[in-house]
Amino acid sequence: MLTINKNLIQRTLAGALLVGGIVAAILWNIWSYALAFIFISVCAVREFHKLTDRNADSFTSWLSAISAAILFLTLLLHESQVLPPLYTHIAWAIYGLCIMTFIVSELFRRRPDPLADWEGMALAQIYIAVPFALLNEVIFFHGAHHPMLLLALFVTIWCNDTFAYLFGSLFGRHQMAPRISPKKTWEGFIGGAAGALLSGYIFSISDPELTLLQWFIFSEIVVIFGTLGDLVESLLKRHLGVKDSGHAIPGHGGWLDRFDSMLLAAPAVTLYLYLI
């Protein structure tokens, strides 16, 4: 019993610190936001390489992580316009140079499977680096600084997760994807969607940037693609035979475990914001 309570306390404290840190970083200023999410994206990319390639070396994971950080910074400079456009072009060139460096490095490193290394790098950039970089498209919606929009993305994900867990625990009968995630149910999905609508309603009051209907659509897009993101990561872990993507966050697993929903929700929300 003592062990259970200790684990629960550890999980609660870690979760509170993570949520509080994300909220503070988003709302404080653009540099606190940038530092926080560059750090998380770097950690997530390195975790991905360690998870998917047992032969991954520090060169692979670090160059991939640095590339992710540069991509994030590139879109930040482009969207925030805090520096002249020249710096954005330079950042793009540096990002491309990092990718080319990794590709060419296979000529000299004598790795057992160069193609697998290239595939791993490409997947890390597409699956993790790009979604994190696209957060800049959300927070700088229409060229202005809108921290509440990005906060809404994460709050909606958290509401979806919380309500899906509660409804799934209380009413869950019909499995959504038994082969991939047996505990995920359609009842939980409906509960999560309801929780997300509540989040959308609250944000429609506090931030009139979007209409109530637009906030509701925003919320349900996050639910649909956030759930798909969760399932994608579950499929990855099931294929690799692991329970968690890592152990970076006490009681919560790894960085990918905590940000899996965002990885698919961010691109979908970005597209939606451009269309409205």
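Backbone N, Cα and C atoms are what each Cβ position is placed from, and that goes for glycine too.
The annotation transmembrane segment is assigned in TrEMBL to 12-45 (among others).
Among the features that TrEMBL reports, transmembrane segment is placed at 57-77 (among others). Same-chain residues lying 6 or more positions outside the transmembrane segment (57-77) and placing a CB less than 8 Å from one of its CB atoms are 30, 34, 37-38, 41-46, 49-50, 83, 87-88, 91-92, 94-95, 98-99, 101-102, 105, 109, 117, 120-121, 124-125, 128-130, 132-137.
Within the chain carrying the transmembrane segment (89-108), a Cβ under 8 angstroms from the stretch's Cβ atoms is held by residues 59-60, 63-64, 66-67, 70-71, 73-74, 77, 114, 117-118, 121, 125, all 6 or more beyond its ends. According to TrEMBL, the transmembrane segment annotation covers 89-108 (among others).
The transmembrane segment annotation in TrEMBL covers 120-142 (among others).
Residues or ranges marked as transmembrane segment by TrEMBL: 148-167 (among others). If one looks beyond the transmembrane segment (148-167) by at least 6 residues along the same chain, the residues whose Cβ comes under 8 Å of a Cβ in the stretch are 19, 22-23, 26-27, 33, 135, 138-139, 141, 184, 187-196, 198-200, 203, 206-207, 209, 215, 218-219, 222-223, 226-227, 261-262, 265-266, 269, 273.
Among the features that TrEMBL reports, transmembrane segment is placed at 188-206 (among others).
TrEMBL lists 212-232 (among others) with the feature transmembrane segment. Outside the transmembrane segment (212-232), and at least 6 residues removed from its termini, the chain residues within Cβ reach (under 8 Å) are 152-153, 156-157, 160, 164, 176-177, 180-181, 184, 189, 192-193, 196-197, 199-201, 203-204, 260-265, 267-269, 272, 276.
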